[in-house]
Amino acid sequence: MPVIVLEASDLTSPLSLVRMWALLSGCLTFSLVASLVTPELNPDTHQPSFRILCMFTWCLFFILTLLIHVINVIQFHSLVPISWKNLTVTVAALAALMTFSASVTFPWAVMGHEDVWPRPIAASLASCLTFLAYATEAYLIRTQTQDQNGYMASVPGLLKMLQLWGGCEMIVLVVEQVRGALVKGTGVGLAAVGWQLWVSGAVYALCLLMSLGTVMVVLGDCAGRCPLPFDRLLASFSLTGVLLYVVATILCFTRVLELEKSGQDFTDRKTGQTLVVMEAVMTSITLLAYTVDLAFSIKLLRDRSHA
């Protein structure tokens with residue numbers, strides 16, 4: 001049985017201190033949000049869906065960070081059947097992106113705006129501190145030596161995180177638009193959006209699965225066991241993502257124009273436009289990530305062909 005030897009440096013290193021910072025601020029954030037009462041919440045927007053997303057984000061990355069911190073302190077890396085150097089930067093980078101979204105979404109869509117309440121404001125500030133902690137952790141991991149960093153700490157690896165984050169956010173936006181359309185009436189809302197929403201949702205789900213599969217392969221160190229050349233597979237995924245997101249971006253801006261011309265009430269039209277515009281912005285960011293990733297993949301294939 002292995003002997004656990006704890007040293008002071010394991011708890012006082014910059015990475016350990018930043019992880020403890022993320023744990024404390026994350027725990028404070030979801031504890032405050034869980035204790036909010038109805039008057040402190042926003043009743044006029046799509047609060048339930050976004051509140052679930054924010055709580056899921058804070059709780060998930062709190063658990064993952066706690067596990068990473070404990071395993072790092074007791075030095076049980078060799079017992080973890082995944083790539084440790086890829087896992088830490090993956091969790092830190094994705095947590096920074098997701099908590100950034102939660103820090104923006106919570107004040108906008110969840111907390112009440114009628115009165116000034118101390119707990120929602122404190123939760124917003126704690127969420128911002130959590131984002132800063134994860135961003136600092138990702139930066140510290142990237143500044144380590146090349147031997148200590150894996151593929152996910154490189155620019156293509158971080159682009160994979162950006163693609164995964166964009167897919168997660170847009171799936172939630174599409175689900176919220178479907179839910180809002182169903183609430184408005186028996187199919188009338190869905191008919192106003194039409195087939196474009198379903199095509200966009202299918203595009204986001206497919207690209208999300210491709211990005212998630214790529215990350216799982218890298219974390220499991222299974223690239224060498226892939227039946228196809230992994231670099232060519234990544235290039236094909238990037239090309240597919242670019243093509244699909246071009247279609248999704250066009251559909252998003254088309255839906256914005258359709259909402260402008262629709263005969264809905266001003267409040268419903270304004271709310272629908274907000275969600276679609278948010279989706280269009282996120283789609284454009286993710287399309288940019290896929291385009292840059294495709295450029296890196298083509299460059300890698302060209303360099304290897306000339307070697």
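Using the three backbone atoms N, Cα and C, a Cβ is placed for every residue, glycine included.
Curation plays no part in TrEMBL annotations; they are all automatic predictions.
TrEMBL lists 10-146 with the feature domain 'MARVEL'.
According to TrEMBL, the feature transmembrane segment maps to 20-38 (among others). Within its own chain, the transmembrane segment (20-38) is flanked in space by residues 51, 54-55, 58-59, 61-62, 65-66, 69, 95, 99, 106, 110-111, 119-120, 122-123, 126-127, 129-130, 133-134, 136-137, which lie at least six positions past its ends and keep a Cβ under 8 Å from the stretch.
Within its own chain, the transmembrane segment (50-74) is flanked in space by residues 4, 6, 10-11, 15-16, 19-20, 22-23, 26-27, 29-30, 33-34, 41, 80, 87-88, 91, 94-95, 98-99, 101-102, 105-106, 109-110, 127, 130, 134, 172, 176, which lie at least six positions past its ends and keep a Cβ under 8 Å from the stretch. The transmembrane segment annotation in TrEMBL covers 50-74 (among others).
For 86-109 (among others), the entry in TrEMBL reads transmembrane segment. Sequence-distant contacts of the transmembrane segment (86-109) (same chain, at least 6 residues past either end, Cβ-Cβ under 8 Å): 22, 26, 33, 42, 45-47, 50-51, 53-54, 57-58, 61, 64-65, 68, 72, 80, 120, 123-124, 127-128, 130-131, 134-135, 137-138, 141-142, 149-153, 157-158, 161-162, 164-165, 168-169, 215, 218-219.
What TrEMBL records for 121-141 (among others) is transmembrane segment. Tertiary neighbourhood of the transmembrane segment (121-141): same-chain residues 14-15, 18-19, 21-22, 25-26, 28-29, 32-33, 36, 54, 58, 61, 88-89, 92-93, 95-96, 99-100, 102-103, 106-107, 111, 149, 153, selected by CB-CB distance under 8 Å and a gap of 6+ residues from either end.
Distant neighbours of the transmembrane segment (153-175): 49-50, 53, 85-86, 89-90, 93-94, 97-98, 101, 141-142, 144, 197, 200-201, 204-205, 207-208, 211-212, 214-215, 218, 234, 241, 275, 278-279, 282-283, 285-286, 289-290, 292-293, 296-297; these residues of the same chain sit at least 6 beyond its ends, with a Cβ under 8 Å from one of its Cβ atoms. The transmembrane segment feature in TrEMBL is assigned to 153-175 (among others).
Residues or ranges marked as transmembrane segment in TrEMBL: 195-220 (among others). Tertiary proximity for the transmembrane segment (195-220) is limited to same-chain residues at least six positions away from its ends with a CB under 8 Å from its CB atoms, namely 81-83, 86-87, 90, 150-152, 157, 160-161, 163-164, 167-168, 170-171, 174, 177-178, 226, 230, 234, 237, 240-241, 244-245, 247-248, 251-252, 254-255, 279, 286, 290.
Only residues 6 or more beyond the boundaries of the transmembrane segment (232-256), in the same chain, are considered here, and those with a CB under 8 A from a CB of the stretch are 156, 163, 193, 196-197, 199-200, 203-204, 206-207, 210-211, 214, 226, 273, 276-277, 279-280, 283-284, 286-287, 290-291, 293-294, 297-298, 300-301. Annotation source TrEMBL lists transmembrane segment at 232-256 (among others).
Look at TrEMBL and you will find 276-296 (among others) tagged as transmembrane segment.
Per-residue pLDDT, averaged over the domain 'MARVEL' (10-146), rounds to 86.
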